[in-house]
Amino acid sequence: MAEERRQKQCSVSLPTESMKAMAESMGVGQLQEESCAALSEEVSYRIKEIAQDALKFMHHGKRRKLTTSDIDNALKLKNVEPLYGFQSQEFIPFRFASGGGRELHFYEEKEVDLSDIINTPLPRVPLDVSLKAHWLSIEGVQPSIPENPPPASKEQQKTESTEPLKVVKPGQEEKGAIQGKGQNTPAPDNKGKEKGLIRLKPRSTHELSVEQQLYYKEITEACVGSCEAKRAEALQSIATDPGLYQMLPRFSTFISEGVRVNVVQNNLALLIYLMRMVKALMDNPTLYLEKYLHELIPAVVTCIVSKQLCLRPDVDNHWALRDFAARLMAQSCKTFSTTTNNIQSRITKTLTKSLLDDKTQWTTRYGSIAGLAELGADVIKTLILPRLAVEGARIKAVMDGPVVSNIDRIGAEHVQSLLLKHCASVIAKIRPQPDNVEQYRTDFGYLGPMLCSHVMKARTQAALQAQQVNRTTLTITQPRSTLSVSQSGLSGSGGPRTPSIIKVPSSLTLMSPRPGTPSQPSPPATKYIVMGTSAGAASTQQVITISSSQSASPVTSTVPSATSTLQPLVKLEPGSGSGLAAPRPMQKYIVVSLPSSASSLETKSSVLPSSISSTQVDGGIKLERSDSPAASTQSPH
Amino acid sequence: MRLNQSGDSTSSNWRFPFFNLAHARFILKMAAVQGSIVDAKDEADIKTEPAADGFGNNHANDAGVLSASPGSSAAAGNNKPAAGAPEDQQTLLAVLQFLRKNKLSESAEILRREAGLPEEVLDPKGADSAGSGLGSGADIDGGDASALLSRVTVTAAGGAKAPTKGTVHSKSSAGEDQPDVNVVLSAYSQQGDPALYEVYYSGLKKFIESVLDCHRAELSQVFYPLFVHMYLELVYNNHEAEAKAFFEKFSGDQECYYEEDLRILSSLTKKEHMRGNETLLDFRTSKFVLRISRDSYQLLKRHLQERQNNQIWNIIQEHLYIDIFDGMPRSKSQIDAMSGSLAGEAKREANKAKVYYGLLKEPEIELPLDDEDEEAENEEGKPKKKKPKKDSTGSKSKKQDPNAPSQTRIPLPELKDSDKLDKIMYMKESTKRIRLGPDNLPSICFYTFLNAYQGLTAVDVTDDSSLIAGGFADSTVRVWSVTPKKLRKVKTATDLNLIDKESDDVLERIMDDKTASESKCLYGHSGPVYGISFSPDRNYLLSCSEDGTVRLWSLLTFTCLVGYKGHNYPVWDTQFSPYGHYFISGGHDRVARLWATDHHQPLRIFAGHLADVTCTRFHPNANYMATGSSDRTIRLWDVLTGNCVRIFTGHKGPIHALAFSPNGKFLASGATDGRVLLWDIGHGLMIGELKGHTECIYSLRFSRDGEILGSGSMDNTVRLWDAMKAFDDLETDDFTAATGHIHLQDNSQELLLGTYMTKSTPVVHLHFTRRNLLLAAGAYNP
């Protein structure tokens, strides 16, 4: 290892192309290869020298990060004029560009309009240095106060849960365990005793202090209460507070019990709230949930596959909840699945079983497909693609057959769009290029033609993206015609850019805006649905109104937002004009966007199900098309 | 910028009566390093300090300064420098020659006149002869100021073996007559077949791998210096490809703790690079010291002679210093514990000088004051228990510690009334001190600097824990009062005229209540402030900065009083003497300086480190000071003579923290490698290694009674160690066996008493209050 590294050290020097580029920027046109080589060696050497000196300044500055001022100081040591204009606390935004066979990194200097600067109100003055005292330790015991870090770090929690019998490292842990966890654990008095035959793991107590109890009460109440602002705050707190370790068991029980009760009562709203809590817990970088998965996973799985999640399955958008929960599931599989607990394979098995079962209802079928699809392309390839023909036939039976029930029909519709959405991208990858409708029909049956068009779309999309890949344009995912519960579930640990879980103006409650009765079913006329977009930079709210009439193009109106985070609202108003035989009452969907991380981990996952299309493909059913092009143009950021 | 001022000021500055030889040589080196004449001139500007310089002159001069009552501003050393011994003359000639060579004839002339040398020395012939004389005397580049200084001072001290004398290596090739860095390098010019280098090296490697186990570890020590020198030879002779191949082939074999140096080495592939590289100069100007038992050495010698392996033998002869001892060869772990520094281990004789590590007697003022104290206690209605305690302390202080230096070895400032009052406070507080121990850990109060934006670079706390000061990267120094007593300035001169000077509370009256605030900001530096230190009487504050100055601030007026200019490069650390008046500073220019607050020039220059002096600490008795350096050694210097009396090697990274135990016997040091090493000063030995921190240690502090050692680090933890146990265990060991070999047992885990994580706040400073409460400080870096 060390050898390898060192050998690398030996031969690192700048490429000669860089020398050429620099020479050109100085006006030297033709530089010989030899001089380039000589220059690059010399320059590399000098740069290394300066970097070494700069490191000295970093050490004395008591920092871990090298800053531009360190480089300046190092240059000063060598009696070289420092570089001016690179004062940056965080990072220097070098941009990358290529063209003409050249690759360049450059420092973008924008032209600044002074009048703009003059006219903008002054930013707030940064706070002055201040001194604050707290007790780091009182007679050897570290008090658990907000100023001190949580008693157990994430790594510690991890080792604790994965290797429960591992000897705790003294110094690292022992003090914390013995003294932090306190009075009831019989602290091993002397070392000799400790080396005895049986090593007992100190019994950890989960006593909560009064403050913690209060906190727990407040948080849980806010999480399931009616005030969206409070909930946002509470979720934010769960997702970021480093001191929740000791309350984790309570939260997990709260969630699992909550799901158990509310599934029976078909209380969709509360289920959504609880899932958001799960998400927040997962996002918390200081928590390691593995010990509580036995409670959380059943709860999440319930929300994915339960036959009925709401009182009016024909109207309420429980699909979004299923999608959301499916993403949570996928995330926890990714994070916690190990060879010992086999979470992923167990989950896959369960879901496949219900998928294969003929008697499974459409809702459950939808859930299991969503759950499987979120697990990744491989799972889709091996478990869903082979089923496409069968599922297609089943959908066909509902669609074309005698009108059974509206509920079944909607279910079939959803399953269809879900399948199309997830499978298209996978098929696009594994099938050779010419997309023949007939070929698709023979391969996939009823769904074939639609799949074909989706696959083609996916391909063009991919091509488009490939072109854009080197552009540094920031593409904000258009929230157009997507309609779903927040996609934030997919983004792993939430990504560093996520400012918070949910910050929604209080006027936009997830459920009916009527106060005090979150448990009531929503009125049929209006529907608010949570969805996620990428966190953009704009500080406006986009309200996109889509009327799903034949020719409708999305109407986007931008509304200045009171809050600074981007909160595009998507209002989807299916115009009644287009609805031919839609037996539903006129419905208004308002999609509340949550600033979610929208990471580009999986482009496909941003493709949200149950999208509304403006074109009607089949049978005058409105909610049909998925795969809006925007959905896959995730910005690379 | 420096460049500007140097141009015209050079000649005028030469009026200073003193020319410091040591410094001149040092300049030569720096000039060589910088490779530019402008720099050299610039450096010349700082030659104005009358520091420890040549010979008898040195002695007289220093004694003059130190014996002068610190209160007086007797200009030290206006005496004409006596024409020194031949050695010094040579040095002087080298300097002259250098100046001439660089067309600084005017300066040369002035210097010549100052030194009282005859004119003819300046003619080229004379210069030549002088140069050649020098060439054989020492490595010409004159780079090793330390060597010179120590040699000079040692001779003055009466011929005792100079600890650093080893760094003066002589008898190098004759006929080098330019005092230039080229000469140093030209030692490499010996031509060998470049292709054979690998053969030689691997031959030796094979041999060492085949020797008996007990010798292998010892002989393996030669790998690294050999590797370095062979590589440099290849580079010097323009065998770039071979050098690269050689490096790639064998760099992996070297000990991991040399990685840092290897990285520097690897970037050096051209002869031209060698000229300006400081690390390289270190390799050349100081011999790499190895400690090898006689048997192992014989083995190696025989092998090399049998094989006629002259290439390697030459390197060993020229660039290595092999410290041969009789006895058992050392084990790998023993070697590893001591190696890691830039220039190998310290020689044994380097640590032989007697060190008076005992504490000074407490001044006699206690008794009358104690009575007062008692009265006060009486008034409070608790007259008991005071008496026996006082007696015990009294009797203790009367007994003269045989290891203590004489009371007047270093002239110390007289105690003022306010100091006496402070002493009383100290006594009072110390009676309430908590007895610490493994079962009785101190409470830690953490002072967090909020909104520092990664800019906190230094912290200090007054001894009575009433003030905290922070140095910041934005060049400011801020002082906070952590007691309810606010910080106030003295009134303006006109207002001061109005007050009644006879009144009892005049000290209170001179303060301006309108200026009362919790914190005050001191502006003056023009670069990040890397070190700060309160004076023991809390009236002054020192700060040192990247701008090369040390500044003295008054905490009464909150203005800058003096800017001490001497270091021309960043100053990394500074500290007041425990008795005030003196202070030390150390910086990038590789020297530490001793100053008195009433002199604008340093009293001593301590040169010897091969890289930046990163931290400086006074011994509690103020007769010694310790410096830690980027060359991964710690040196202990005698303040009186300027000699280096101890060299401690063993750290594997730059040293960033030092702490003396309160009894003055031990030293703790912390480095970027995250280890704390404990040293016995009297015996000059490493006595403990405390492993646990994962990142650079920035702060070390012993509790007031020395039972607990606290360490604060970049890894956001404060750790407490059982210092008593670490030192007690030692006393049972028979390390006085004079071999100087230590067996360190790995008992860090037993000694670690506690680890306290902060919330992403690196611990920059630790301080035990008089009652043994631990104060820690750092800036929150989210």
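Glycine is no exception: its Cβ is also placed from the backbone N, Cα and C atoms.
Small disclaimer: the values here were computed from a predicted structure and weren't measured.
Feature annotations, reproduced from TrEMBL:
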- B:49-86: region 'Disordered' (REGION)
- B:67-86: compositional bias 'Low complexity' (COMPBIAS)
- B:192-320: domain 'TFIID subunit TAF5 NTD2' (DOMAIN)
- B:367-415: region 'Disordered' (REGION)
- B:367-378: compositional bias 'Acidic residues' (COMPBIAS)
- B:390-401: compositional bias 'Basic and acidic residues' (COMPBIAS)
- B:449-490: repeat 'WD' (REPEAT)
- B:522-555: repeat 'WD' (REPEAT)
- B:564-605: repeat 'WD' (REPEAT)
- B:606-647: repeat 'WD' (REPEAT)
- B:648-681: repeat 'WD' (REPEAT)
- B:690-722: repeat 'WD' (REPEAT)
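Outside the repeat 'WD' (B:522-555) by six or more residues, the chain places 416, 418-419, 422, 457-464, 466-467, 469-479, 487, 561-576, 578-580, 583, 585, 587, 595, 597 with a CB less than 8 A from a CB of the stretch.
When Cβ-Cβ distances below 8 Å are used as the criterion, the repeat 'WD' (B:690-722) is approached by residues 430, 433, 435-438, 441-442, 444, 446, 653, 656-663, 668-672, 674-678, 746, 748-768, 770, 772, 774, 776, 778 of the same chain, each at least six residues removed from its ends. Residues of the repeat 'WD' (B:522-555) grouped by DSSP class, helix first, strand second and coil last, total 0 helix, 19 strand, 15 coil. Residue counts for the repeat 'WD' (B:606-647) by DSSP state, with H, G and I taken as helix and E and B as strand, are 0 helix, 24 strand, 18 coil. Per-class residue totals from DSSP over the domain 'TFIID subunit TAF5 NTD2' (B:192-320), listed helix then strand then coil: 102 helix, 7 strand, 20 coil.
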